[in-house]
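Take a look at the structure below.
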Amino acid sequence: CPHTWQQTEKKPMKMLKIAIFLAVSAAAQASVSVTQSSGDGPHPSSMEIELQLPDTDKKVRIPLTKTAPLDGAVVTVTDGGVSRTFSGRQAQHGDQAHYRNVDSKSVISVRHENGTKRISGHVTHKGTSYVIQPIGDSGHRVSKTKTRMTQPEQLLSRKKRRVNREATEYEVEIHILIDHTVWKAFKTIFGTDDKALTELHFYYSHIVIGMDTVFRNIGSPSISVRCIGLTVAKTEADAKWMPPDSSADASDGGATLGRIRAYSKGDRADHVMGFTRRDISLGKNSAVTGVAFENSACQETKVSVVEDSGLHSWMTAAHELAHNLGASHDNNEPGCEMDLKFIMSPAATSYDLSNIANSYRFSPCTVRQIRTYLDSGKAACLQSRQGTPISQLTSSVREGARMSLDQVCRLNYPSSPGNIFLTEDVKANPALLCAKMHCLLKADHAHGTTSTGFRAPVGSPCGNKKSCNWDGQCVADEAAPAADESCFFGDIWGDQCGGWKTYIEYLRNTDQKSQRRSYCGQTQTNCCASLKNLCRFD
């Protein structure tokens, strides 16, 4: 029978401050060059870079392999019954590519600007991490970084597993079906078909990466996730795997599973996953966010449906895929208690900094159940690519670095104005965005709205040279912008701050210190940029 994941009410946030100390030793300018290349176009499939290490004459060479989550997928877009098929590579921007070396944990991006390669990212050599940044018109800076985490973060991150191998014992090849409700949301937000398709590519790359990350976190058995097909329906008639909008089964998760199963008969993928913006239900339960068959990967029932609610939907997708791989919901076995909020918790829930790391991990019980299914002989199809030298999936796509938090809100709530709502605790500690964020549903609303699991995506700035990572933490990131953490969000009250600035200047100039102190106390948090110098009392 199908298994579901449902939403729960929000729980109070528990505050946990994390201190990160970063020391950077930067060379003024360093030599970074491409010494070898496979030569197939401006973004070759492989290349080698040579860089001079800071504070030394030593140069090192690092081989790199191009990675892109959906490059290898067959993309099919159907509009009015007419299908167009092309590669995932054609659906993304062509001026930038991502490369990595898994063994050395090196990830870089290469962008072409005016005929010059601009290289950015990080590389690791003999246990030391270096950040590469472009400077000037053609130069680069190489900086050595050294991070030290306090004990609370070490506990929060839990045991680190070895997940950096390219080839895995098992590889789940998935086919993603995107229905007309998802397409309509993207078309509404981004305007043109071309822009909507490009953003759809980045969006689902992020979701596939999230799934791949949590399965690689298992460690043993080693499992990865790879997208081999992406089918997009622009109209209701084109979404042949979905019940009609006007039918009684339109939002029925069980009925939808049956239609996806019939549609995907003969599909070579190990798992077929449908995404929809409909409000899925199962029976009278409308709090369902995903439905899947259990113990069904590689079988006729290798299907699931996920309610697409934003960039954090990768969590629901990973949850449903785990059902298909033999996992049931966490119960109260030791180490697998529901309140620990691992991915297979029976209900999706809100997170805070004390438990966000578990939203990227399976419980020990889930790992045992998946291992049992893999050993049963029913999952032989997952080994059909065993030993593949290069995985298509990587953590190089970081939606938080591409999109503003307002844009993330618009994706999560397409009918909203697309504005983040800053709670008082987030104003005081931007790192909390990595665990939970709120949006305004209407421009005149006084309170924000959130949904289960909704958070700032990976790559989102959350402090001075810090961003959210795939562990739900706000960590040092040389690629993130510099920021004044005491005024991270700037003037939250916008134009109103100009009036307060004028009035408090008047109080200062007329030497009304007590009144100035009082009004500064009321306004400084929300007008920190405008009042920065006016509200200093030496």
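Just so it is clear, glycine is given a Cβ too, placed from its N, Cα and C backbone atoms.
Taken from TrEMBL, the feature signal peptide covers 1-30.
Annotation source TrEMBL lists domain 'Peptidase M12B' at 170-386.
A 10 Å cutoff on Cβ-Cβ distances gives His329 (Zn(2+) binding site) a total of 20 other Cβ atoms nearby, all chains included. Taken residue by residue with DSSP, His329 (Zn(2+) binding site) is part of neither helix nor strand, so it is coil. Annotated Zn(2+) binding site per TrEMBL: His319, His323, His329, in sequence order.
Take the CB of Glu320 (active site) and look out to 10 A: across all protein chains shown you find 28 other CB atoms. Following the DSSP three-state reduction, the secondary structure of Glu320 (active site) is helix. Annotation comment: TrEMBL describes Glu320 as active site.
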Item to complete: Other Cβ atoms within 10 Å is the metric here; tell me which of the binding-site residues His319, His323 scores highest.
Response: His319
